[in-house]
Amino acid sequence: MKCPKILAALLGCAVLAGVPAMPAHAAINSMSLGASYDAQQANITFRVYSSQATRIVLYLYSAGYGVQESATYTLSPAGSGVWAVTVPVSSIKAAGITGAVYYGYRAWGPNWPYASNWGKGSQAGFVSDVDANGDRFNPNKLLLDPYAQEVSQDPLNPSNQNGNVFASGASYRTTDSGIYAPKGVVLVPSTQSTGTKPTRAQKDDVIYEVHVRGFTEQDTSIPAQYRGTYYGAGLKASYLASLGVTAVEFLPVQETQNDANDVVPNSDANQNYWGYMTENYFSPDRRYAYNKAAGGPTAEFQAMVQAFHNAGIKVYMDVVYNHTAEGGTWTSSDPTTATIYSWRGLDNATYYELTSGNQYFYDNTGIGANFNTYNTVAQNLIVDSLAYWANTMGVDGFRFDLASVLGNSCLNGAYTASAPNCPNGGYNFDAADSNVAINRILREFTVRPAAGGSGLDLFAEPWAIGGNSYQLGGFPQGWSEWNGLFRDSLRQAQNELGSMTIYVTQDANDFSGSSNLFQSSGRSPWNSINFIDVHDGMTLKDVYSCNGANNSQAWPYGPSDGGTSTNYSWDQGMSAGTGAAVDQRRAARTGMAFEMLSAGTPLMQGGDEYLRTLQCNNNAYNLDSSANWLTYSWTTDQSNFYTFAQRLIAFRKAHPALRPSSWYSGSQLTWYQPSGAVADSNYWNNTSNYAIAYAINGPSLGDSNSIYVAYNGWSSSVTFTLPAPPSGTQWYRVTDTCDWNDGASTFVAPGSETLIGGAGTTYGQCGQSLLLLISK
């Protein structure tokens, strides 16, 4: 995840006084939090957690926005920090609520105790916006239930773009948010099936990362009313199956701030396209639903999952448990002013990690406040949310944004500069600590076995901001990781020759599964998630068509702030007059071949199959525009690239030798110099060598063919001498990514391979390209 603004400095931390002991780990949602009907649908029970509240009142509404409450009910303590009330449905109807039930909470606590003369917009009872223990209760702010299964609307929306109504502090504390605030929606359990979950081993997957809205928003083959919705995405299951994709990974679909995206047409104003500002961890985002009635988004999401499952495709979700949409304090000099939607107004010190004096928030996310992932109650919410999405919504796996924050062993009330678990202050990644969230998740869920079967696939983005948060290779067994080093080193190999030292040893390690990162922890090649590009950065085409980022351009391709300056991109000499579009396509074919021919689990970005471009924008988080929406009307060159990608993926799926369950042995994989000699230490250690080849002994890995791959990183041609293929066979060309082979048949169909020869045959390979042969 990229953030629009990164805080200039992370804040220190100190001991938090007065925080109660955390309850022990328990079964999934053992506190029965949330709002639920009884079996007869005669009563609704509302249960919410707050360890520090002194009073909580339930407010019921007949609509999600713009109306006053129809009824109120005071909750009672139910033990272990839980507050509860059961309300007869007959009473709710008598109050005038005959359709969907919308609800929220108002809470009082030590910094704002209840006063009998309090009324909405009143300051009665007020002591402080934040007290010495970090409490931030404010009864003028209606609070969204953290366990609500659907949300009525976002805080900012076409009817309200004023975020001040949700703020604390002297200027805003008495502003009542009731009519504006997002409400929870009480749901009757859905009967919509999610189909049968695929049990395929992760090593056999090809993952396709895409945004739900962007997937179909401008797809004219889909009826207009379904474009950009869960329903529309489900209609693309056959498209992904035809491409060869086996798992679709959606950018965040939990309720996020995006209802204001269309308020100012053709502008980036107020836009949050990617969705990394979560407002609730249980609710599917209503904006992505065709059916926006109560229960509609839930059932529609489930139906989408069923459509993908029916096509044999897994459904993964990008989840954001490192921070929330509430962010941190508005400034670093005023601790009193902060946004209050939900968690903060219920139990600030439970849900967020606080700094010295408990007035501010510790932040490794760039958004202002770490979610308090070492706290058991906060962990319960994470686990309960994951269980809901896996069990009720049918999701097969999760990609964890800034997952290093979930390995934080620092906790409010337990950290000092010298504390054993927090030697660096308020953040310390510690995979050996059994109580960190990443290990709690492993205990609570079954990870899919290596050979396939039931379970979840878990993917970490293994970095955050500051401290020891860069943890590529540092996660425990059971976790797979986005391999940013794979991306960087292979981009460097293609685009930085002459600008930096290129290590062919690193390229070889990438091709064979990145054992240097994952083997020592007992993991396997498929735990490396191999990608050249994802949403966070340039597209595949732009990596090979841009000399740097251009984020300041006009709508629809900008402007966007932020973005890295380390892209390792190059336009292949186009701007210098030494390259052409055909060279850019060659480079893109080579990059995608790296991705699909390497040991590991390949991850591609939606649109890479047709060379989608963002015109060099590398941080388009804020563009809900045609630039970010996939298109299905292609040029001839784009159609040719699609055929290349489709056949490349099919080749990977047809050859188990490319999908090893364990690390290649010396007899299974042999590295060769261009001369045909086996690569020795002298060759590996010479940083002037930019060409390498390898042969995989297919029969030893259950494959009917052996495979030979040659990569020439030089700018000029290199002659490769082929090793001996298996007895009785010869080498046949499947693809050569060189310019001469640009067109509809760059990657040939099975059975159409071209005979090259046997041992000692020479092959001239053009600069910066890849050759793929099979034995037959």
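A Cβ is built for glycine as well, from the same backbone N, Cα and C atoms used for every other residue.
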Review point. Per Swiss-Prot, what member of Asp129, Asp204, Asp219, Asp285 joins Asp154, Glu255, Thr256, Asn258 in binding Ca(2+) at one site?
Key: Asp285
Check your understanding: According to Swiss-Prot, which candidate among Cys422, Cys616 shares a disulfide with Cys546?
Key -> Cys616
**Study point:** CB within-chain contacts under 8 A for Cys546 (disulfide bond), separation at least 6
**Key:** Met538, Asn567, Ser569, Trp570, Asp571, Cys616
Check your understanding: Which residue, out of the recorded positions Asp154, Asp285, Asp536, shows the minimum number of other Cβ atoms inside 10 Å of its Cβ in this structure?
Key -> Asp536
Point to revise | Shortest C-alpha distance to Glu255 (Ca(2+) binding site) - which of the recorded positions Cys410, Cys422, Asp536, Cys766 | key: Asp536
Point to revise | Cα proximity to Asn258 (Ca(2+) binding site), best match among recorded positions Cys410, Cys422, Asp536, Cys738 | key: Asp536
Study note, to complete from the structure: Among Cys410, Cys422, Cys766, i.e. the disulfide-bonded residues, the one with its Cα nearest that of Asp536 (site 'Transition state stabilizer') is Cys410
**Study point:** Listed in sequence order, residues with CB under 8 A of Cys738 (disulfide bond) and six or more positions away
**Key:** Arg586, Gln765, Cys766, Ser769
Revision key, fill the gap. Fewest C-beta neighbours within 10 angstroms among the disulfide-bonded residues Cys410, Cys422, Cys616, Cys766 belongs to Cys766
Exercise for review: Please list residues from the chain of Thr256 (Ca(2+) binding site) whose Cβ is under 8 angstroms from its Cβ, counting only those at least six apart in sequence.
Suggested key: Asp154, Asn272, Gly275, Tyr276, Met277, Thr278, Glu279, Asp285, Ala325
